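**Q** Per Swiss-Prot, the features are:
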BINDING   Asp43, Asp109  Mg(2+) binding site
SITE      Tyr79  site 'Interaction with target DNA'
Amino acid sequence: MKYKPVHRFDMSPKDMIKVQKQLAKEVKLIHFSDEPNLVSGVDLSFPKDEGLAVIVTMDFKKLSVIDVTYAVDKITLPYIPGLLAFRELPIFLKAWEKLEIEPDIVFFDGQGYAHPRRMGIATHASFFIEKPTIGIAKSKLIGEYEEPGKKKGEFTFLYHKDEKIGIVLRTRDNVKPVFVSPGNLVDFNNALDFTYHFATKYKIPEITRKAHLYTQSLKQR
C-alpha cells in the first residue's frame, strides 16, 4: 500500500511538537457509516536497537486472519514521551508499503485522540495512510474517568481538560478495562462499537491481540 509522505522524521523534539499541533487541527472525528469488510491491527515492538512492525488483516464479520505483513528495521530515534509516533511510524510505514490488501479501518496497539496534543500513534498514522484509525491502549496516558461497571461491555468516557478524548471499556467481566480512542475519520461511537466487536474471550480485542501474538512469535525467530 502506498502512503502520503506528510513530513520527515529527523527533526528536533520542539519541531515534532509543532508538527503534532499542526496536524491536530486537521483531525476529523466523523462517523464511519458503513460496516467494515477488512480491518487491520498494528503492533510494534523494539527488541534492542531494532523495530518490528506487524500488520494483521482480518475479516470483520468472520473474525478470521487473512494476512500477516511485517517489517524489521534499525531504530534511529530514542523513546521520547509524547512523541512516540516519530519513533514508531517509520517502521510501521515500511510494513504498510509491503501490505497488499487494503483495509477499511486500521487499529493500533496504542493511543489515538487520547494524547496530550490529540496526536497518538493511531491519529498520527492516519495522515500518512489516509485511512480511518482507532487506538486501543492497555493503559491510560492522560485524562480522568469514572471506573466503568464490572461487567463486559460497560464503559465510561475519558476526559482531559473537559474534552472527551476516549473510552474506558470493560472487555471481560471483572478485568481491568482497555482505553479506546478514535484516531481519525471515525467517531467515538465507531471506536467503541468496532473495538467491542473484537472483544471475544480475552481482555485485549482480537484485532490488536493477534498482531501482538505475531510480534512475539517473530521476535523469537
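Positions of Cβ are set from backbone N, Cα and C atoms, glycine also.
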**Q** Within a 10 Å radius of its Cβ, which of these recorded positions (Asp43, Tyr79, Asp109) has the fewest neighbouring Cβ atoms?
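**A** Taking Asp43, Tyr79, Asp109 as the recorded positions, the minimal 10 Å Cβ count falls on Tyr79.
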**Q** Can you grab the distance from Asp43 (Mg(2+) binding site) over to Tyr79 (site 'Interaction with target DNA')? Cα atoms, rounded to a whole Å.
**A** 16
**Q** Rounded to a whole number, how many Å is the Cα of Tyr79 (site 'Interaction with target DNA') away from the Cα of Asp109 (Mg(2+) binding site)?
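**A** So the Cα of Asp109 (Mg(2+) binding site) lies 16 Å away from that of Tyr79 (site 'Interaction with target DNA').
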